[in-house]
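Listed features, source TrEMBL:
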| type | residues | note |
| --- | --- | --- |
| REGION | 1-54 | region 'Disordered' |
| COMPBIAS | 1-22 | compositional bias 'Low complexity' |
| COMPBIAS | 31-54 | compositional bias 'Low complexity' |
| TRANSMEM | 63-85 | transmembrane segment |
| TRANSMEM | 91-112 | transmembrane segment |
| TRANSMEM | 138-159 | transmembrane segment |
| TRANSMEM | 174-194 | transmembrane segment |
| DOMAIN | 180-277 | domain 'CAAX prenyl protease 2/Lysostaphin resistance protein A-like' |
| TRANSMEM | 215-235 | transmembrane segment |
| TRANSMEM | 241-261 | transmembrane segment |
| TRANSMEM | 268-288 | transmembrane segment |
| TRANSMEM | 294-315 | transmembrane segment |
Amino acid sequence: MTAAPASPARPPADSSDSSAHSHTPHTPEDAPVVPVGTAGIAGTTGTAPADATSDPAATSRSILLLAGAPLLLLTAVCGAFLVAGVSVPTWAVAAGRWLPALVSLVVLWPALRRPRGVRDVLVPAWGLGRGRGSRSRAALLSLAGIAVVLVVAVMTAALSDTVGAMTVQPWGDVALGLTLMLPLIPVLALSTLGEEVVWRSHLPQLLGGTFWRRSFLIALVWAVFHVPLHLTYVLQGDLSLAHAAATTAGLIPLSLFLSALTARQGSVWPAALAHAVPVTGLTLAQNAAAIDPAALWTITLLGGVLMLSAAMALAPSEDAHAG
């Protein structure tokens, strides 16, 4: 879940919202039967357990729960803050990112109660393993994901400044701010992990299909998931409607990049770290709240094209999980 873009009352909490190859350990023969949709992370093994498609109705129910229940829960939480007349605090945004994971736990609960359920069901369903390749490769890909988000933000700001859509902060201030922000990323990733385990791992496994088909569908679901929060900001006067709409639309290309990062690595950790970068092109503006709607959409379009290009460069060329 991403906070709203920079405004007088609230800067964004996300750059909101993704890379190397390793084998997935074989499941022991005496391991518990994996429930529908809990195959190894999409793209890691290329195949699902034999029973993963044996009950299409159960799979459909799980998909609907994972896609819809987090939205309903977040709507209820935001509604409570609206009724109370209290602005949504940062801690609530951070905690709210774990709503999808809580729904996922409900879906997986019958299998998690079995022996070694966490190791044999939760870890692969959530993509918590190292994924493909060595630890060094996984670490490098995680750093690359962070770097891409930062570079896209800086390039978006520079291009937007060039075309007159916004005035960027002094570059010295930008460099200092980004340097001071870097140590916070691992801490912020503890929050974004609650989203990534579902949007980049559990739900893609249930959906199947080609990478781009399932990733685009999830991008739409992810963007809609943020609507209650962004709408709450608007209703409470913390954010303009134009800012909220542009921020929500900007999540779609970011989601595609995070999905590509996860599919490339076979692990959600690089995506969780990249998602945790709290910088966008808009946050680098001198006065984001004063930017007019047309300029906002120009900035969003520039950033979206750059992020989509990164996703296309990173996405797996062969989708063994297609079907």
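Each residue, glycine too, has its Cβ placed from N, Cα and C.
Beyond its flanks by at least six residues, the transmembrane segment (241-261) meets 2, 4-5, 7, 12, 15-19, 141, 145, 148-149, 196, 199-200, 204, 211, 214-216, 218-220, 222-223, 226-227, 230-231, 233-234, 270-271, 274-275, 280, 282, 288-289, 292-293, 296-297, 299-300, 303-305, 307-308, 310-312, 314-316 of its own chain at Cβ-Cβ distances under 8 Å. Taking residue pairs at least 6 apart in sequence, the transmembrane segment (91-112) and the transmembrane segment (268-288) share fewer than three C-beta contacts under 8 angstroms. Within the same chain, the transmembrane segment (294-315) packs against the transmembrane segment (138-159): three or more Cβ pairs sit under 8 Å, each pair at least 6 residues apart. Highlighted: of the candidate stretches 63-85, 91-112, 138-159, 174-194, 63-85 has the greatest count of Cβ pairs under 8 Å to the transmembrane segment (215-235). The DSSP breakdown of the domain 'CAAX prenyl protease 2/Lysostaphin resistance protein A-like' (180-277), given as helix, strand and coil counts, is 85 helix, 0 strand, 13 coil.
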